[in-house]
Amino acid sequence: MKKLVQDFEVLHKEELNDGTFVIDVKASAPLPDIKPGQFVNVLVENAANTFLRRPLSIHFVDYEKNIIKLYIKKIGEGTTKLGELLLGDKLNIVFPLGNQYSIPKNSKTLLIGGGCGVAPLLYLAKHLKDAGNEVTTILGVRSAYDAVELDPYKQYGRIFVTTEDGSIGEKGYPTQHSVLNEKFDYTFTCGPEPMMKAVATYSKSKNIPCEVSLENTMACGFGACLCCVTDTKRGNICTCTEGPVFNINELKW
Amino acid sequence: MKKLVQDFEVLHKEELNDGTFVIDVKASAPLPDIKPGQFVNVLVENAANTFLRRPLSIHFVDYEKNIIKLYIKKIGEGTTKLGELLLGDKLNIVFPLGNQYSIPKNSKTLLIGGGCGVAPLLYLAKHLKDAGNEVTTILGVRSAYDAVELDPYKQYGRIFVTTEDGSIGEKGYPTQHSVLNEKFDYTFTCGPEPMMKAVATYSKSKNIPCEVSLENTMACGFGACLCCVTDTKRGNICTCTEGPVFNINELKW
Amino acid sequence: MVNLEVKLKDLILKNPVMTASGTFGYGEEFEDFIDISQLGGILVKGTTRHHREGNPYPRMAETPSGMLNAVGLQNKGVEYFCDNIYPRINHYNTNILVNVSGSVIEDYVETAAMINELDKIPAIELNISCPNVKEGGMAFGTSCASAASVVREVRKVYKKHLMVKLSPNVTDITEIAKAVEEEGADSVSLINTLLGMAIDSETRKPLLSTVTGGLSGPCVKPVALRMVWQVFNAVNIPIVGLGGIMNAKDAIEFILAGASAIQIGTANFIDPQITVKVVEGIKEYMIRHQVENVTDLIGAIKTQ
Amino acid sequence: MVNLEVKLKDLILKNPVMTASGTFGYGEEFEDFIDISQLGGILVKGTTRHHREGNPYPRMAETPSGMLNAVGLQNKGVEYFCDNIYPRINHYNTNILVNVSGSVIEDYVETAAMINELDKIPAIELNISCPNVKEGGMAFGTSCASAASVVREVRKVYKKHLMVKLSPNVTDITEIAKAVEEEGADSVSLINTLLGMAIDSETRKPLLSTVTGGLSGPCVKPVALRMVWQVFNAVNIPIVGLGGIMNAKDAIEFILAGASAIQIGTANFIDPQITVKVVEGIKEYMIRHQVENVTDLIGAIKTQ
Ligand SMILES: Cc1cc2nc3c(=O)[nH]c(=O)nc-3n(C[C@H](O)[C@H](O)[C@H](O)COP(=O)(O)OP(=O)(O)OC[C@H]3O[C@@H](n4cnc5c(N)ncnc54)[C@H](O)[C@@H]3O)c2cc1C
Ligand SMILES: Cc1cc2nc3c(=O)[nH]c(=O)nc-3n(C[C@H](O)[C@H](O)[C@H](O)COP(=O)(O)OP(=O)(O)OC[C@H]3O[C@@H](n4cnc5c(N)ncnc54)[C@H](O)[C@@H]3O)c2cc1C
Ligand SMILES: Cc1cc2nc3c(=O)[nH]c(=O)nc-3n(C[C@H](O)[C@H](O)[C@H](O)COP(=O)(O)O)c2cc1C
Ligand SMILES: Cc1cc2nc3c(=O)[nH]c(=O)nc-3n(C[C@H](O)[C@H](O)[C@H](O)COP(=O)(O)O)c2cc1C
Ligand code: FES
Ligand code: FES
């Protein structure tokens, strides 16, 4: 998979609650094959204090329209400036980066996301369904107000929500959802580390494979700087090339 | 004259030719007394490589509308970003800075400007006329295409143009204009140094007072850094506080 | 209520925020913008034994997240300061410190002795680190022996708080810090500017008349912070930290690294009200983090 | 046609643009983005006698116009390089230089000796300036005696072009440069990273696992440029300049200050195609300024 650096055009932007937004960016050339779990590294222009690119998961890919969707939470200057992009603005992107979630066949798969960790799960859900899997997704948010759009997930399987205040869905964390009582063959997760660790514990207790997507501080995103290491059983390895998706067996969790 | 630091609002922007534009910024509080020849120091936000403020002459002041007009030529990142400001954007400004042109009474005054050196002359023309002087202004531009709006000057006196290619007005530099054959009591100039030096030479030959407005690199704009010195007959003195307007007799020209 | 008071030995600051010499004029330049009595202290311009014209123009170049200057200690000399400037500013209800610079030891000593007589000046900052003067200046700050000797001689005539400003242009700043502590410095301030250079590729000329000059602003912050932390682990006298502080967050970082007080320099040019904003910001941080005394933050970085 | 060829003594570069060690992997990471044969040379990752795991995460912090890193020379050791990596990359039609690092002199010597046997490696860059290793590393580059001794020993076993990479964390870089020239270095490259530090004021923790790390990026450019100019005026061997080069204009500035060639580091992370863009930009500059040979620009700054 050849990595590219390209200018994309901002085609659509949708503000969600809680400072998150979804942005559609259009490539000028046909998109290469992009795998679920991969990410892009975007250049934030016009930002006095954002020197390095910002890594963002690929939320969805529309090959027909040549569009990549990004799901972004504003947390600092870089993501805030991205939120200020106007339709028609250009965005320089290095992509596709990283490895991918594995895609089993004809299995019962469980996807658990929290915060902006929901980003890669939509595209993953599509690939899982395409490979004949049954897809169950649980997204954890703080309250109804923060709820993300659930419709897109519905076409690939079942979707559940947990809220910390119980305002919609089940009250609690996604790892406490009652659907976890069912039997699954695989779990896939992305979100805050404590949540992912809870998913890992759950999966270990059920003895099913679990893949997590790690976030850490990256300077390049394509294996050149060695800044993004994760301490694995094989030693320090790069999250940007050998991750961001790891089977929990590889990690020292 | 108390110096202030304030947020202004961009109220109007007009693109002229040759990469110059005039921008109207509105103060939130009534403007203090501003003298012709004074300048502002503006903060350029969202610019990765513009660390310091940018000094700009005060082009005009409308006390009724609480507006300062700036006349800006895009030459680097800072001025280009200013050109990208949208109506309603805020602009943080330190003002009013510097000394001022002297205002004689009931005299024949000649104003010569070139490039973005025309900026302070409009407001000067108004003050000169208000004090009963006869005002003659010559603006030098490269060609008709670059010509600035002349109408505003007309209300304060005579206005002439020179173009380097002769496409409008007289062909040549403003210091070669035929109106210089008339007799004047005072000259005031702002623009490229070679032009100001030519005006100085002309004024000396006619034995009339001449005031020039100097540009140089400034870090603060209000006398704190001592970076902006001009080598005068009195030694190194700050252009931002004891200038930008100097009588040529003070300079080592 | 949070308590912002800090002590540099005998010198009491109502809060840890001071201004950096050469960036705050004599305070007067900022009277329109802020109430100077709200600051912990101000450092006035580098003062020398005799009048200095400074370096020729151009003296300044903008650089990525910073600037170079080559002012070269332009000032009217210590006598002019004592006779003309001091009477004008000694009413400020804050600590006024004079930054004393020189090119030979006698200059430092004579200047310090004269300032010692000024009632309302509780301290001097000995600038052994200015990169912008031909002889002396930085040279004193770049070897232990010469740093020690200038401090030793000044200490003999200067009876109040003696702060020594260190140069970052050295292999091991802790050695210099220890040397000046040994000679009786009451505190150290760091960092002065890093020696840098800028070139205009179009004209092929240096952007400063002196070719090289002093680098300041946020670009130097990581180096400054490292040096404060190193010196904090090496000496027992209080440290005043500076270099690239642009906001309260930066100021807190210096305090956590070991600074008892901080100075704000270049940021004054960009926001002439920044000093009082930083005082406010430190207060807010303390309230948010439930820190009662700002002194609890000094050196409180958790490195384990 | 403009001529971009430069010679570092016997080492011929088709143009002055090289990559900085530790920022360009083994070149392979950039094959998708650029044609590596268009570069004057590439510096591969810091290579040591034995496998190194490097420092624990976190190893990186963004700073104003720059970044800190604390990678700590993670690499699989020189034997792995010779056996596994070298065969994979030795087809590149450019100069491949190996950055040799170590903590004791014997490591440097043994590593250099092994690389000496590799046909397609015309030169090594001796890294006596890495701030990210506990023992050795930078220490060698911060005193004339130790810099000289490591160069002397390596010179005995290494027969090709020996470039020595200098540390900026010194009082006088010209002395170190002269010391390594004296011992037979064929060229010097500068600067390595400045030692810096960053703190998260919210957690009160350092942002790097090692507390301090190496600062790079445009923030260091004024310091790097100054050092290149100082060293240019002090030694007779060619200089490779680096530190904060983000575009062709920056590269030209280093060449004007005295660099025969330049290296691009951190900028590769932000634009993986930057190196070939800089080659193009230098060409355009030469055409615009009617400079026939890029060598005419070396040290061509007009300081009078
Ligand atoms: C592989 C990968 C995929 C990602 N996918 C997404 C995504 O799809 N959507 C999304 O919104 N975000 C995603 N992130 C996180 C995103 O990159 C950061 O939020 C962004 O870089 C923050 O930039 P900023 O300038 O807004 O904030 P900054 O000003 O850089 O940071 C603000 C605060 O957040 C902390 N912080 C910043 N980045 C990280 C990080 N990576 N890990 C932990 N703390 C951090 C900083 O220390 C600081 O305290 C991803 C990160 C990685 C590594
Ligand atoms: C008192 C004063 C009043 C001014 N009034 C006006 C005005 O009314 N309208 C206007 O358009 N401009 C005016 N200027 C000039 C204006 O400040 C500069 O054009 C601006 O700072 C350039 O910023 P930039 O970021 O666009 O360019 P930069 O990227 O900073 O510079 C681009 C190029 O221009 C050169 N340059 C920048 N500033 C100066 C300068 N001051 N003198 C000489 N060369 C310079 C740089 O060296 C560089 O080569 C004034 C300057 C001063 C000191
Ligand atoms: C324009 C200018 C003039 C300076 N003059 C002096 C001086 O006279 N004496 C001195 O000790 N330091 C002087 N400095 C250094 C500052 O006091 C301070 O050490 C340095 O700028 C780093 O802090 P900053 O990054 O907050 O500016 C000067 C700095 C600047 C930018
Ligand atoms: C992530 C990273 C890793 C580095 N690793 C090495 C190294 O292994 N050996 C070395 O000599 N320099 C290393 N350096 C220093 C660079 O080669 C270069 O000297 C420095 O970054 C300054 O150049 P720049 O500002 O263009 O990045 C590293 C720098 C970075 C940012
Ligand atoms: S971010 Fe550079 S190697 Fe992973
Ligand atoms: S610009 Fe700072 S004193 Fe004039």
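Each Cβ is built from the backbone N, Cα and C atoms, and glycine gets one as well.
Under the heading active site, nucleophile, TrEMBL lists D:CYS130. The FMN binding site feature in TrEMBL is assigned to D:SER21, D:LYS45, D:GLY46, D:ASN99, D:ASN127, D:LYS165, D:ILE191, D:GLY217, D:GLY243, D:GLY244, D:GLY265, D:THR266. Positions annotated as substrate binding site by TrEMBL: D:LYS45, D:ASN69, D:ALA70, D:VAL71, D:GLY72, D:LEU73, D:ASN127, D:ASN192, D:THR193. The domain 'Dihydroorotate dehydrogenase catalytic' annotation in TrEMBL covers D:4-286.
For the binding site of FMN, formed by D:SER21, D:LYS45, D:GLY46, D:ASN99, D:ASN127, D:LYS165, D:ILE191, D:GLY217, D:GLY243, D:GLY244, D:GLY265, D:THR266 according to the record, the largest Cα to Cα distance is 19 Å, rounded to a whole number. Here D:LYS45 (substrate binding site) is compared against the binding-site residues D:SER21, D:ASN127, D:ILE191, D:GLY265, and the shortest C-alpha distance is to D:SER21. Across the domain 'Dihydroorotate dehydrogenase catalytic' (D:4-286), the model assigns an average pLDDT of 96. In this structure, the binding-site residues that sit close to ligand 4, with a C-beta under 6 angstroms from any of its atoms, are D:SER21, D:GLY243, D:GLY265, chosen from D:SER21, D:GLY72, D:GLY243, D:GLY265.
Scoring each of the binding-site residues (D:GLY243, D:GLY265) by how many neighbouring Cβ atoms lie within 10 Å, the top position goes to D:GLY243.
Cα separation, D:ASN127 (FMN binding site) to D:THR193 (substrate binding site), rounded: 11 Å. When the binding-site residues D:SER21, D:ILE191, D:GLY243, D:GLY265 are screened for a C-alpha within 10 angstroms of the C-alpha of D:GLY72 (substrate binding site), no residue qualifies. In this structure, the CA atom of D:ALA70 (substrate binding site) is 17 Å away from the CA atom of D:GLY243 (FMN binding site). Within 10 Å of the Cα of D:THR193 (substrate binding site), the following binding-site residues from the list D:SER21, D:GLY46, D:GLY243 place their own Cα: D:GLY243.
A coil conformation is recorded for D:THR193 (substrate binding site) in the three-state DSSP classification, outside any helix or strand. Taken residue by residue with DSSP, D:SER21 (FMN binding site) is part of neither helix nor strand, so it is coil.
Within the same chain, residues at least 6 positions away in sequence whose Cβ sits under 8 Å from that of D:SER21 (FMN binding site) are D:LEU43, D:VAL44, D:LYS45, D:GLY46, D:ASN99, D:GLU125, D:ASN127, D:LYS165, D:GLN263. Remark: D:ILE191 (FMN binding site) has D:SER129, D:LEU166, D:SER167, D:PRO168, D:ILE173, D:VAL220, D:VAL223, D:ALA224, D:MET227, D:VAL228, D:LEU242, D:GLY243 as non-local neighbours, by Cβ distance under 8 Å and separation of at least 6 in sequence. In this structure, none of the binding-site residues from D:LYS45, D:ALA70, D:GLY72, D:ASN127, D:ILE191 has a C-beta falling under 6 Å of any atom of ligand 5. D:LYS45 (substrate binding site) is surrounded by 24 other CB atoms, counting those within 10 A of its CB over all protein chains shown.
Residue environment of D:GLY46 (FMN binding site) contains 27 other Cβ atoms, counted within 10 Å of its Cβ in all protein chains. Secondary structure at D:GLY243 (FMN binding site), taken from DSSP and collapsed to helix, strand or coil, is coil. Reduced to three states, the DSSP call for D:GLY46 (FMN binding site) is strand.
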